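Participant: Straight from Swiss-Prot, here's the annotation block:
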- 33-53: transmembrane segment (TRANSMEM)
- 77-98: transmembrane segment (TRANSMEM)
- HIS83, HIS182: heme b b562 binding site (BINDING)
- HIS97, HIS196: heme b b566 binding site (BINDING)
- 113-133: transmembrane segment (TRANSMEM)
- 178-198: transmembrane segment (TRANSMEM)
- HIS201: ubiquinone binding site (BINDING)
- 226-246: transmembrane segment (TRANSMEM)
- 288-308: transmembrane segment (TRANSMEM)
- 320-340: transmembrane segment (TRANSMEM)
- 347-367: transmembrane segment (TRANSMEM)
Amino acid sequence: MINLGKTSPLMKIVNNAFIDLPAPSNISSWWNFGSLLGVCLILQILTGLFLAMHYTSDTMTAFSSVTHICRDVNYGWIIRYMHANGASMFFICLFLHVGRGLYYGSYTFLETWNIGVILLFTVMATAFVGYVLPWGQMSFWGATVITNLLSAIPYIGTNLVEWIWGGFSVDKATLTRFFAFHFILPFIIAALAMVHLLFLHETGSNNPTGIPSDADKIPFHPYYTIKDTLGIILLIMFLMLLVLFAPDMLGDPDNYTPANPLNTPPHIKPEWYFLFAYAILRSIPNKLGGVLALASSILILILMPLLHTSKQRSMMFRPFSQCLFWILVADLLTLTWIGGQPVEYPFVVIGQLASILYFLIILILMPIISSIENNLLKW
């Protein structure tokens, strides 16, 4: 019997990536989120493909085509809600995956980490253009407000915005191109994910201790295939719970009103997974300053390897850094809450303080605390 996994050029790649891959014996459930993100991506591409078969990217018919999908297409409602809530699951897994990387020092794999940050940006861009497609009130005004931010770029800003819009306002041309972007970007994400994996398999996985695990490796299959399968079952259970019992819980009621350029909603806000960045944007009164802070809030992740001053890779044995990490998590949850609140006292002040704390922890406190821990180890 010929072992195809060892002889076929194609199966050899699959074998080396998912079957005979040497993996650390002590990686915890925090390492499950990579495979869960892969499942989310496949799920989003499949549900999105079926939605695209019935969706029309025209300002006159977009809203009614989504209604038609929910009412008239066989199981259209479940496909639509799996796609909408699948995006939320995608971002939950994404944030936990990035959080795991920060906590256990996985950012020292430079290529893997930088591709990951690019992936994060691409997924955020995909989610943004996708939110515009149902052409509800929040879709239209969200697109108007966020694309308008580019006008803060000196000299070329206004031209850039009009170029993205395809006119002098968000209209038919904008919706058509956003649909095109939303269709192509997931395939770019899939390609980037493969590059992400390629670089990861060059070094091998990190583990909770941050210590090299070459001395104790186990094959990926069956140990981690079983472990990942459990994670996938739980993910799908949680997603279906959301889809079947509370499909609109994470959405905005304003998006059930067709887009109207003459009527601005009282509170324009993005989906929940962008609220932390939106709160940082709003906390700065200056337009350009806000845009820079918004970009910096994600781009700051690229600096993580440079800001690592500890002699230990992981936070597992660094209690002070752990405290700071969980303060950062609490701060991000506070920013998420603030992003959904109206622009008035006391929310503005809380948002400004939380934004300052976010940058303060990452840029200043983390490196200082790490250095203090290094000195304490000398005792």
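Every residue, even glycine, has its Cβ placed from backbone N, Cα and C.
Since we're looking at a predicted model, the values are computed, not measured.
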Participant: Far apart in sequence but close in space: which same-chain residues, 6 or more away, have a Cβ under 8 Å from the residue listed as 'ubiquinone binding site'?
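Facilitator: Correct list: ASN16, ALA17, LEU21.
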Participant: Around the C-beta of HIS196 (heme b b566 binding site), how many further C-beta atoms are within 10 angstroms, looking at every protein chain?
Facilitator: 21
Participant: Does the chain bring the transmembrane segment (178-198) near the transmembrane segment (226-246), so that three or more CB pairs sit under 8 Å (pairs 6 or more apart in sequence)?
Facilitator: no
Participant: Name the residues of the same chain, 6+ apart in sequence, whose Cβ is under 8 Å from the Cβ of HIS182 (heme b b562 binding site)?
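Facilitator: Looking at Cβ-Cβ distances below 8 Å from HIS182 (heme b b562 binding site), excluding near sequence neighbours, one finds GLY48, THR126, VAL129, GLY130, LEU133.
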Participant: What are the sequence-distant neighbours of HIS97 (heme b b566 binding site), meaning same chain, six or more residues apart, C-beta distance under 8 angstroms?
Facilitator: PHE33, GLY34, LEU37
Participant: Near the transmembrane segment (33-53), which same-chain residues lie under 8 Å Cβ to Cβ, leaving out any that are not at least 6 residues past its ends?
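Facilitator: Here the qualifying positions are 69, 79-80, 82-83, 86-87, 89-90, 93-94, 96-97, 100, 182-183, 186-187, 189-190, 193, 228, 231-232, 235-236, 239.
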Participant: Quick check: do the transmembrane segment (113-133) and the transmembrane segment (288-308) share at least 3 Cβ pairs under 8 Å, counting only pairs 6+ apart in sequence?
Facilitator: yes
Participant: Cβ-Cβ under 8 Å from HIS83 (heme b b562 binding site), same chain, 6 or more residues apart: which ones?
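Facilitator: Same-chain residues close to HIS83 (heme b b562 binding site) (Cβ under 8 Å, separated by 6 or more) are GLN44, THR47, GLY48, LEU51.
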